Structure formats: structure tokens, C-alpha cells
Amino acid sequence: MFEGKVAAGNGEQVLSRDVYRLGQLFDFFRMLSFYVTSVGFYVCTMMTVLTVYAFLYGKAYLALSGIGAQLESRAQITSNAALQSALETQFLFQIGIFTAIPMIMGFILEQGPLKAVVNFVTMQLQLASIFFTFSLGTRTHYFGRTLLHGGAKYRATGRGFVVEHIKFAEIYRLFARSHFVKGLEIVILLLIYMVYGYEDSTVGYILMSFSSWFLAISWLYAPFIFNPSGFEWQKTVEDFGDWTNWLLYKGGVGVKGEESWETWWDEEQSHMQTLRGKFLETLLSLRFLFFQYGVVYRLHAADSSTSLRVYGVSWVVLIAIVLLFKIFTFSQKTSVNFQMFLRLFQGTVFVLLLAALALLIVLTALSFGDIFASLLALIPTGWAILSIAITWKPVVKRLWLWKSIRTIARFYDAAMGMVVFFPIAILSWFPFVSTFQNRLLFNQAFSRGLEISQILSGKPADA
């Protein structure tokens, strides 16, 4: 909350006349000093993240369009290793070496070369890179959102005990839109490049994607790594129950976002007020359509066709999936006879769906791999439609579609929460993971002979 509050405040400064006038009146060197010590830090942070997105979308485009494979084959035919060498050495720029140089130089000037190296290695062992990579996403999200929509506001950060266990539902509320959505988007881009990319070796793919995987994993799981008792089985079970209750609890008058998903979901849309911001948000949401347009032409069922008919069929399939979703989630409280008819109808549709899928696999070139690839294509498309519908909420309400949009949004949040929660639950099965986390988080407490149970309960050591 503190990072978001400060980042949003700097976003408002960028939009203000004061920064413009200072930039006009300062000389070059004073303007550089002002830039570095104020809004420049957040501008550079946002540019860093946008560069990652541009790089991954560019790589995915080269992979899905076939241009990357053609460049690779021509380079091999002509024995031109310059392109491959350039692509394989780019990882040096990605892993953060150059962004860490100012910090390393500061350590060297203050402490000397030997202590600087020791401190830098110690920071990596303490997972400082994961923590600050996660903070990078926080600053970028709130700074960029303020540039798009304005509306920076005060956020009560509180003065709670610093090592208390935070429930999964609260972590999800805080970071779902700022980190989890973006982290999963990066994961999908990396999976698409892994499946359709032109890297001729595993080492080449690892070098290319290492920093991007590190960024995605940090955005998805850093809060749980630094969350005390985050991998204790009992607390994990309690957190899951609390999260499902929050997800399914319906909102209403006087219900807070901490109690109901519906209220929280409405609060997450409150920043979309200006017409300019809505148009820009719609334009940014269109990037998710790229996945569908690229992947459907690489399916075996497409048979290497480049006709627009293939793209049109993919939209027909998406509409059919939405209709099926509405059929299976329809639950009108009426008579018992109607409920029996509804269940019978849903069961019949399910059997017919399985039969149609089996016939498609047998009679056409559709494969099981195509089914999973279609998920990579259609899930982002659904999120794009959902984001655009949320942006134009008044129009969607007039079309009587808002209830359906909210149902689909709840399904997306449930699926995203399960993707994030599942690895945590798996790790919680193993007691040594929780022990290792406690040692990592409370190393100084162990060395001083304090009891971790007293620290987690908030009691002083001599209590």
C-alpha cells in the first residue's frame, strides 16, 4: 500500500503543471537532478517493465508468424552466426546486471571492493532480488494506472505487527490486478514461445527466458515467500477456506471488500472515470486478442491455412464456450420439476459435447495438443472481452449483460486464485519447507536464541 500510494502520487505529479513549469525553467543539469530525485525513478521503472512486455510480445510474434524460424534457417544455410550470437547474448541485458551497477558502485565507494561483493552476495541469499522485483511491479502498476486515469488517493498502510501471518484472501485482494494478472500473462507468452519458438536448444531458451521467468515467478509468489507461516499446512487450509468464503459471499449494502468478492470487484473499477482513460484502457486490452489470432493458425486442425475463415471459426468456438458456461452455471430458484429438467438438460448437453469432441478428434486433424493450445488462445481473449466490458460498464448494464460479466469475472478470479494457490498447497505438504522459510525469515532471531512462536504471536521474547 505504501509503494502504491507513493507511486500514484508521482503519477499525479507527472500530470501536473508544476512539473512542466519546473522542467521549462531549470537548466539542463538541474533538470537532470530534479528528474532523478523525483518522478524519474518511476518513469524508468515503468520503462523497464514495458521493455519486458515489448520483448516478449516481439518474441511471440516471431514464433507464431514463422519469421523467426525463417531467419534461423537462412542463418544456418548461409553460415551466418551473427544473429544467433546476438540473440543468445541478450540475456546479459535481461538479468539485471546493468540496473544493479549503480548499487554495486555505491557499495564499493562506501565499503571497499571486498565488502561490496560480500554484501551483494548476501543480499541475493536473502532473496532481495525477488523482493525488489516484486516492488517493481507495484510501482509500475499504480504509476501507470494514475497516468491513465488519475485519481491518486490516500491509502491507510496501518502500523500492524510486521511479522504477522497475512491470509491468502488479503494477499489476493492486494496483488491480483497489479501482479498476478500480469505474471500469468508473461507465463502464457513464455509458454507460447517455448511451444512455437525457434530455439534449437534448451540452453538457448533458458538463456533467453531466464529473467522473464524470474520476473513472472517473483510477481506470482513473492508475497507468500515473505509471509510468515506461509507454508504451514494448517494455516494453508484455513487460508483456502477463508478465500473461498470471500469469493462466494455476495455483496450488498454495507458489505466491505474484505468480506465479499463482489464488493471488492466493484471497488477495483472505481478508478475508471474519464473518457480518455476508458479509451486507453480499451486499447491496452486489445493486446490479449493477439494470442488467439496467432495460435489458431498454428493448430493442426487449421491444416496450415491462412484464411480468415479459421479466425472466424475460433470466434464461433468462443461464443459456444460462453453459451455452454451460461448453461452449466444457470441456477434459477424455481420449482423442483424445473430443477430436474434443468439438470437433465445440462447432463445431455455434457454428453453431446464429449461425443462431438471425440468425433472431431477422430474425423479431423484436431489433436489433444490443439485443445491445450486453444486454452492458451481463448483464455486471454475472454479476459480482453471482460476487461473491455468492465471499462464500459454503463453500456453493458444497458444491454442487460452485467450479471453475466460478473459471473465470468468471478470464474476468472477463482481460476487465477487456484493457479496461484496450488503450488503453495503442494509445498505446504512438506514440513521442511516451512522450517526452511522460518530460518530464512528469522535468521537473526535464531542466532539470538529467540523463540519463533513468540515472534509470530507478537509477544516479546521475555514474556
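Glycine is treated like the rest: Cβ placed from N, Cα and C.
Summarising the annotation, TrEMBL assigns domain 'Glycosyl transferase 48' to 1-364.
For 32-56 (among others), the entry in TrEMBL reads transmembrane segment.
Among the features that TrEMBL reports, transmembrane segment is placed at 91-110 (among others).
Taking Cβ pairs closer than 8 Å, the transmembrane segment (116-137) reaches residues 3, 45, 48-49, 96, 100, 103-104, 107-108, 110, 178-179, 182-183, 214-215, 218-219, 222-223, 225-226, 440 in its own chain, all 6 or more past its ends. For 116-137 (among others), the entry in TrEMBL reads transmembrane segment.
Positions annotated as transmembrane segment by TrEMBL: 180-198 (among others). Nonlocal intrachain contacts for the transmembrane segment (180-198), taken as residues 6+ away from its ends with a CB within less than 8 angstroms of a stretch CB, comprise 52, 56-57, 59-60, 62-64, 68-69, 71-72, 137, 141, 172, 205, 209, 212-213, 215-217, 219-220, 288, 291, 294-295, 298, 373, 376, 379-380, 383, 416, 419-420.
Tertiary neighbourhood of the transmembrane segment (204-226): same-chain residues 52, 55-56, 59, 84, 87-88, 90-91, 94-96, 127, 129-131, 133-134, 137, 166, 171, 174-175, 179-180, 182-184, 186-187, 189-190, 193-194, 197, 420, 423-424, 437, 441, selected by CB-CB distance under 8 Å and a gap of 6+ residues from either end. According to TrEMBL, the transmembrane segment annotation covers 204-226 (among others).
Taken from TrEMBL, the feature transmembrane segment applies to 308-328 (among others).
Feature annotation from TrEMBL assigns transmembrane segment to 340-365 (among others).
For 371-390 (among others), the entry in TrEMBL reads transmembrane segment.
Look at TrEMBL and you will find 411-432 (among others) tagged as transmembrane segment. Beyond the ends of the transmembrane segment (411-432), by six or more residues, the same chain brings 168, 172, 176, 180-181, 184, 220-221, 224, 230-233, 236, 240, 243, 247, 261, 265, 325, 329, 382-383, 386 to within a C-beta distance below 8 angstroms of the stretch.
Between the transmembrane segment (308-328) and the transmembrane segment (32-56), the number of CB pairs under 8 angstroms, six or more residues apart, is fewer than three, so the stretches are not in contact. Within its own chain, the transmembrane segment (371-390) has Cβ neighbours under 8 Å at 181, 185, 188, 191-192, 195, 269, 272, 281-282, 285-292, 294-296, 298-299, 314, 317-318, 321-322, 396, 401, 405, 408-409, 412, counting only residues six or more beyond its boundaries.
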